[in-house]
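Step one of this worksheet: look at the structure below.
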Amino acid sequence: MTTTKTILRSDELSCPSCVNNIESNLNQTEGISKAKVHFNTGRIEVEHDPDIASEEKLIEVVRRSGYEAHISQF
Amino acid sequence: MKSLQKQLQNATKRKKALLVLSGLLITAGWTVDIFWASGWSFNVLMLLATITAGFEIARRAWQGLWNGHTNIELLVTIAATGGLFIGVFWEAAAVTFLFLLGGWLEARTMSKTRDTLKELINMAPEMAIIVGDEGRREIPARQVEDEMQVLVKPGSKIPVDGIVESGVTTVDESAITGEPIPAEKESGSEVYAGTINKNGRIYIRATKSGADTTLAKIIRRVEEAQEEKAPTQRFIERFASWYTPGIVGLSIISYLFTWNLELGLTLLVIGCPGALVISTPISIISGIGNAAKKGILIKGGEYLENAGKVSAVALDKTGTLTTGKPSVTELIYFSQETALAGVSQEESLAEVHTASLVNGNNGSLPSEGEELLYWTAIAESASEHPLAEAIIAETNEMTDLPEPDQFESHTGQGIEAVLGDNHIYVGKADFLKEKGISIGEGINKEIQNLTNRGRTVVFTARNNKLVGAIGIADPMRTETTEMISKLRENGIERIAMLTGDAKSTANAIAGESGITEVHAGILPEDKNDIILAMQEEGYQVAMVGDGINDAPALATADIGIAMGAAGTDVAIETADIALMTDKLMNIPEALRISKLTLRNIHQNVVIALVTVGALLAGVFAGSVHMAAGMLIHELSVMLVIFNGMRLRWK
């Protein structure tokens, strides 16, 4: 399994508890080994296998949790 | 239809659509009620409004439960469902609509507070033009691999860190180094992602991209600082973790005692801890963001809180209060007429002249002054002493400085050099006296005066005659005095200078800058002891330093502030606050922002607690119902956010 780290950003996190849902949903997705959501900065760090969980898939999971996100280079 | 479905898949657009639809249904409900007085239509429209706005809330509540969390959405969902159950349709619609509207407004304003970070992130372009065997193509900058060749056109931003392979240009590197003057770049020069290529077309060989670039590291540090929780935030989060179940408990108990279901549900609505949980992070994000824009990197909420309580500041002298680079400050020489008249030069004070170079006014130096510099510099040109560097730097305009034929250094005393038939001595007074050169009373008084002002003085003699003396000092930075008075204005009670330098030098700088407490001639470990003593006396101490010798004191102090940290990882890693540039005024500015942020956090906590307290009292007094409770609750959240955001412009 090849693991890569992708950074997503969401401008929409409005309360610290918002992060729990996104984090749990990401962590339960196949192909994602670790996900961490930072409320203060809107940064979402995901360690994943791009063959199983693609970048588009990550965005989709965040969207299913109720928030929009985009891939960030930093 | 398909396009609408696609639009609604976008979470932001879906929330907005639900919000608008719910608002329209509520308006329609009230219109029906006022003009046709139709009770059942009113209730149906309010029910639809509740379902529309409540859909998103219930979905998140369900997701939370599924993931094992209880959240605010759950409280609102229970309250709205209960409201519908007991027939208060308007209250249920208002609660869900206001909660969704509040969330949308909060997200928009929170996003604004993250602007500093966005500005930093947007510094580097998303795409890079790479040049390979198949020609040019544009790819995402983060996908550029090491050794790929990247083309950067004039006027565009550099997408990766790399080495210039061909082309000549100037690059505005202010984003990384804070240096406003663009740097010249040619083949072999290093360039950084996020800097601006001003005028030439360059090809660079990529060395780092995406998260590995220098800009990414700076961004990461700001982010880590913003993510770091302050003690108050940690406390509030612990508080909130039992507060929410506590409110549920209170609402059940109230219902069991009163059998009033609406009272129980209203308690659920007003008990949402929204304003409280957001009170600290909002101030921290704004405070750290504002500081970062000014080149002050505060490492996190904890340091921000500590810096906000600072009552004493200890400052290292060399390199902090002074420039750290010795330079020639005075030239003492004798007038030409006296010398020509053959009178002994050093007999009278009137014949001794002092030229001050402190403000760089050496353009109109008389020939005697030039001569003094000339002979001194010839001797010093063979020396590696730090003071020699200052003298040579002063003679930059003298292009033909010959090298001495012979040179000898007398460690700790001075040097002697021979050029043709000129025999030069440069050094301390005792050294020259030892060589049989007399130093008269007149010049002695002048020298005493300079020594009292913290100058190091070297004498120069040529062919057994005194040519003059040169005063050298590590000059005080121009902003030092203003910085000290600003610290006092900001309520810092005690300001101390800690230095390994001699007392006279330290006193001179202290006197000029307005510092009254001086600890001179001390070792690095003594600095540590002084800070510990200050802490024992009850002061919250900030230590400001720039060198490795300050590291122990920086660590011991309640807050360590490192100067000029751009580019030096060690300083950024060890200090609690790192100033990215050498701008001295950023010291009081960092403490001021910290104090303001601390005050802002306290204000926010008070707003949140007072609102909840007042609402609880209102509910038990029977004057606050569900809809009004939610409105006031949302207003308190917005008030806390706006109060936090004020810090961005402070």
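Including glycine, each Cβ sits where the backbone N, Cα and C put it.
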Among ranges B:263-289, B:533-559, whichever one TrEMBL labels transmembrane segment: B:263-289
Among the ranges B:239-257, B:263-289, B:601-621, the one whose Cβ pairs under 8 Å to the transmembrane segment (B:74-105) are most numerous: B:263-289
Ranked first among B:18-38, B:263-289, B:601-621 for CB pairs under 8 angstroms with the transmembrane segment (B:239-257): B:263-289
Helix, strand and coil totals (DSSP H, G, I; E, B; other) for the domain 'P-type ATPase A' (B:123-223): 20 helix, 41 strand, 40 coil
The domain 'P-type ATPase A' (B:123-223) [mean pLDDT, rounded to integer]: 88
